[in-house]
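Student: Straight out of TrEMBL:
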| type | residues | note |
| --- | --- | --- |
| TRANSMEM | 23-50 | transmembrane segment |
| TRANSMEM | 62-83 | transmembrane segment |
| TRANSMEM | 89-117 | transmembrane segment |
| TRANSMEM | 124-142 | transmembrane segment |
| TRANSMEM | 148-169 | transmembrane segment |
| TRANSMEM | 228-247 | transmembrane segment |
| TRANSMEM | 259-277 | transmembrane segment |
| TRANSMEM | 289-308 | transmembrane segment |
Amino acid sequence: MRISRIAQGVIPDYGDRSYASVAAIYSALGIEKSLLTASFLGYGLFLLALTEAVRRYRHGHLTWSTTIVAAAGCILGAVYLGFYSKDIVVAVIALAVIALPSNPAGNVTLALIFVGYALTFRSYWFLILAISIGLIVLRRRLRTPARMLLLLVAVLVTASLIYASLYGVDIRDVRDAINADRLGSADAQSAISSFLTGGGVAGGAINACLELLFLVAPIPLALTGGPLYAGIAVLLAAFWMTVFLAVRKLGRTPSADPRLWRASAVLLACVVVQSLFEPDYGSALRHLTPFLPVALFLLHGASTITALRANQQPAARSRVYIRGAV
């Protein structure tokens, strides 16, 4: 394992701060030579986040969608977090998204966690934070998936234009450069290629929108061939469909728990950033896995609110508000 070897000082980190940072964590915990302990730690944190997602609405009823997300999470969590992994920190962030209160102190704490992770691991988390804040602030104007999707498209176009103006290159070049170094590897088989190769900055913006579309509905991956890629395509499509449906449910209850809006904002911000930089669908699934507890929290909370509204008198339905268990 590369992380373990870096933590033990066997190999250098070659200037990769994300590997250096996570290796330092394992080294500080004294488990750089214990794969079993590292596996239990990573998977244990992930299961803790899953449990917290359900506990917050423990009086609600699990639907088929929440059950599937929970089951898929247990499997994918073992696959991607059951060893030395950079995503162990993301699992902790997911737990914070679920558990921290929605008051100013809780939101500021979460924002600082995002900033800390961006500084020490992945700088694109600054973008995730900015988009999340924007979605939360505008949530009352974005009560339907259609409006939410339009805003995400606007964010993609803006990000593409800003990147081109700052760095003088098309934002497509980031992904293309990564994939060029991985030709012939297993990851290259599910690579996310640019759909438009020309058009300058405008073409890059349009391409980013197409990437977003095919991340939530990964038709190109399904057409790649083979049951594995078809299975990943179905998983990704089903996941994002349930997330958008949950956002729709929240939109029908303006006074819903703000933590659910926060969870949906973080998830949608992540898919926007993935559409800009994710090199392949396998990596998209791996980076999405630590957020499955956040999705479970969103789906379970939205389903609970819907069930409660169905049992309310019509005049009281607009006043339904659930904070979840403390």
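Glycine is no exception: its Cβ is also placed from the backbone N, Cα and C atoms.
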Student: Taking the transmembrane segment (148-169) as the first stretch and the transmembrane segment (89-117) as the second, find out whether 3 or more Cβ pairs fall under 8 Å, excluding pairs closer than 6 in sequence.
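Tutor: No, since the transmembrane segment (148-169) and the transmembrane segment (89-117) share fewer than 3 Cβ pairs closer than 8 Å, they do not count as touching.
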Student: Take the C-beta pairs under 8 A between the transmembrane segment (124-142) and each of 23-50, 62-83, 259-277. Which stretch has the highest count?
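Tutor: Out of the listed stretches, 259-277 contacts the transmembrane segment (124-142) most.
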